[in-house]
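Chemist: Features from TrEMBL:
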| type | residues | note |
| --- | --- | --- |
| BINDING | D19, L20, N21, R34, H57, L58, G59, R60, R103, R140 | substrate binding site |
| BINDING | R34, R103, R140 | (2R)-3-phosphoglycerate binding site |
| BINDING | K190, G281, E312, G338, G339, D340, S341 | ATP binding site |
Amino acid sequence: MNSLASLDVAGKRVFLRCDLNVPLSNGAITDDGRIRASLPTIKNLLERGASIVIGAHLGRPKGEIKPELSLAPVAKRLEELLGQTVDFISNNGAAVTLLENLRFTAAETSKDDAERGAFAKELATLADLYVGDGFGAVHRKHASVYDLASLLSNAPGFLIQAEVEVLKKLTQSPERPYGVILGGAKVSDKIGVISNLLSKVDVMAIGGGMVFTFLAAKGKEIGSSLVETDLIPTVKEIIETAALKGVTLVLPTDIVIAPEFKESATPTVVPVDQMPSDQMGLDIGPDSGAAFADAIKKCKTVFWNGPMGVFEFANFAHGTQVVAQALTEVEGISVVGGGDSAAAVRALGFKDSDFGYISTGGGASLEYLEGKVLPGLAALGL
Ligand code: AMP
């Protein structure tokens, strides 16, 4: 495996793939964690006399130029954090250049190898060397993540190296009990990882919007909560498999409901069997929070991805807060996986240092835990 330290970068131009996919609200960055996480590699390259062209993406523009997904605000923030000029499509000769959102070009994410390859060749003309550090995108077979790496001498950056080191600890004989807590909006995003992790973990706790598909599969009234009806049969199988494998499946016993999806909606706590048909579940209830926290604290290895409720609304943030707090009290390894989960714990007032490790990549870390080959890591020999 190549390492960044052994790559001779002095006087060279390095294409650095970063993950700068930060959350934005009205054009302002609400959490700059991914930019900060990219700094060690950028600074190291600059200190060693390289010039850098950074490639990154923001959101899912699907091959179209969408001004609201421009990396311009990221260039500005990067400039502030680095304390030096960042050239953003202005060709001002700075040592650091940030390209515009690579996903404005359809070929970046194309399923067609030739199309992606051609774009990678274009990108390769911009640099002498390639450093891959965009962990949040390594599960994607994209031109700048996968194809470009094979066209230039390459090495993983410090962030990717750190991420892989932590995830290895979770996959190679994790200390038990090993618990995984999953939340967030959609079951469909996580069905693969749930099925796969059932043969690896001792405890699986499920909250967030996705839990209502589980509750529906158990025949419960879920009112107007989020649900993916087509996945109910699959979820039934998951529940059966968990029982067969002796995995403790922790589901909420009470729910915080509201008549509408609104910050100002009045919250009410109901037992899971008493959801009215005209309300929706927006958080796990306090009894569930306590049970989830208890299950987490008994584990020696914990991985958490996805909020337990609509944490963006103060009245529905309690479940996520309690789970985050429990993670900080784990005696063992606790990993918060994912840019959104990381942003959630920071928004709730936790510090990065409260946790064992905060991964910058949700999808990527989940796929790593599933045991999948991740194209962006394979391309770097990892
Ligand atoms: P994901 O991107 O799948 O991790 O989902 C994160 C989003 O799920 C957050 O923006 C939460 O507000 C949302 N979420 C969590 N719980 C619920 C819920 N019960 N109903 C609707 N949305 C939820």
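These residue numbers are counts, starting from 1, taken along the chain as shown.
Cβ coordinates are placed from backbone N, Cα and C, and glycine is handled just like the others.
Are these features on the surface or tucked inside, and what touches them?
Modeler: In three-state terms derived from DSSP, G59 (substrate binding site) belongs to neither a helical nor a strand segment and is classed as coil. Using a 10 Å Cβ-Cβ cutoff, G59 (substrate binding site) registers 14 neighbours.
Around the Cβ of R103 (substrate binding site), a 10 Å sphere holds 24 further Cβ atoms from the protein chains shown. In the three-state DSSP assignment, the secondary structure recorded for R103 (substrate binding site) is helix.
Look at D340 (ATP binding site): DSSP puts it in a helix.
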Chemist: Could you list, ordered by sequence, which of these binding-site residues: D19, N21, R103, R140, have a Cβ under 6 Å from ligand 1?
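Modeler: None, by Cβ distance under 6 Å.
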Chemist: In whole Å, note down how far the CA of S341 (ATP binding site) lies from the CA of R103 (substrate binding site).
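Modeler: On Cα coordinates alone, these residues lie 23 Å apart.
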